[in-house]
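Now, the feature entries from TrEMBL:
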type	residues	note
ACT_SITE	His380	active site, GMP-histidine intermediate
BINDING	Asp74, His164	Mn(2+) binding site
BINDING	Asn163, His164, Phe165, Ile166, Glu167, Pro356, Leu357, Asn358, Met359, His380, Gly381, Ala382, Gly383	GMP binding site
Amino acid sequence: MQPKILKGKYETAVVYTSELEAQAESQIQHYIDSEIAKNSNVRIMPDVHAGAGCVVGFTSKVTPFVIPQMIGVDIGCGVLAQRLNYKVPAELKQKFFEKLDKTIRQFVPSGFESQKVAIDMDLMKSLFKGNMDFDEFIKELKALTKKVGGNSIQQLGTLGGGNHFIEVDESEDGELWLVVHTGSRNLGKRVAEFHQRLASSTIFTDEKRDQLCETLLKMGDTVEINEQFSKEFIKHVDDQLRKTDRQREINKIHKLVQVVKNESKEQWFIHGNRVVDYCKDMNIAQMYAQLNRKLIINSIQDFINDFQERNELPQFQTSTKLPKDIESVHNYIDFEDNIIRKGSIASYVDRPLIIPLNMKDGAILGFGKSNAEWNNSAPHGAGRQFSRTQAKLNSNLEEFQKSMEGVYSTCVRQDTLDEAPSAYKNSEQLINWLEQTVSIEVIVKSVYNFKAGEE
């Protein structure tokens, strides 16, 4: 299978699909025609489709210029799967799913809901894993929350809405996997929006600053400055006035500075110290998202264990090479390999991965292949073939219900119609491309699904 090659003014994009929608192609072309795409090695995954601010399925090397809108608002979003250590016999499955559904609704807030009482810190600490210790993480998280707003602590252990879900998938031999798909909740949204407001269509260098300052102070002419640079620029001007004993002119000079409002366009970028600040905040949001998924599974764990004990279900011995826990993150900057992944996951030899397909078809479990040509990446799912609005127009509840036969779900409703299996691309097309970047171990089918809607 041959990828599609798009050539831009500054970069070439390799797109691993034979079917590329016009809007997605336009988004890719717009980026590679921009100078900030130079030397970024753009590779687009087979699940490509148009997204908000950036095409989904995007990967590239990190450059000095970063577009916060490219990663988007759900920083660190990903999928965590945990294998159950027992099988559920057919005669107990209805009971198992009913009780699981009740447990999730009781202990895992979804949609816009938060925890009424924050989860115990000792529990969080026992589950936390990151590139700093837990106490430092909490300190940084509180500082970040103060900066961007929100109530991040009480949103830990919550699912959210949209395409986020809790699912049970089953292999042909009865092996069960509990799967959670969610991210950094409102924290990620606030971080993305905070830094996108600082983005610009121009580079504000020290040289540019000095040129404007000279125009202002020596010539007395009016200057225009983008609002995201205005405080920094005015402070520099004030410092220069004080150094030359002209502080009495501060108010007069300030009137010559015209601040231009930032419209925060999709392709506007940050650079320099702003990238450092963004990456620092993103690192916290990514660890937050990972902890969030672990806390959700932990909330269900007591039920999982209790059901096994009450029904005296024997331990199940897996026949696969897969570990008990598998996690793949798909909206983030990977600080280990310096790859931006928007709707794509890391794919390295011996590293397990999971690729969910849709509410009906379950997920692909396997290992990466370290294909550098693919930016050591793989698709994060089947990819949407219809936007949420189109999905609601192209399908109806009866068709949705019929397509979900065989899957226990209390969430097949009008308000989740945009997540119907028909909204997503055919998984067979995806699998045909995967040979180049993923070694498939097993495809597990969905037998239970929980997804929050708008009700």
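Cβ atoms are placed via backbone N, Cα and C, with glycine included.
All annotation found in TrEMBL is predicted automatically rather than curated by experts.
The structure, with features from TrEMBL marked on it.
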residue	record	Cβ neighbours (10 Å)
Asp74	Mn(2+) binding site	23
Asn163	GMP binding site	21
His164	Mn(2+) binding site	23
Phe165	GMP binding site	25
Glu167	GMP binding site	24
Leu357	GMP binding site	25
Met359	GMP binding site	25
His380	active site, GMP-histidine intermediate	27
Gly381	GMP binding site	28
Gly383	GMP binding site	25
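Here the Cα atom of Asp74 (Mn(2+) binding site) is found 16 Å from that of Gly381 (GMP binding site). Classification of Phe165 (GMP binding site) by DSSP places it within a strand. If you take the Cα of Asn163 (GMP binding site) and the Cα of the residue listed as 'active site, GMP-histidine intermediate', they are about 13 angstrom apart, rounded to a whole number. A gap of 15 Å separates the Cα atoms of His380 (active site, GMP-histidine intermediate) and Met359 (GMP binding site). DSSP classifies Leu357 (GMP binding site) as strand under the three-state reduction.
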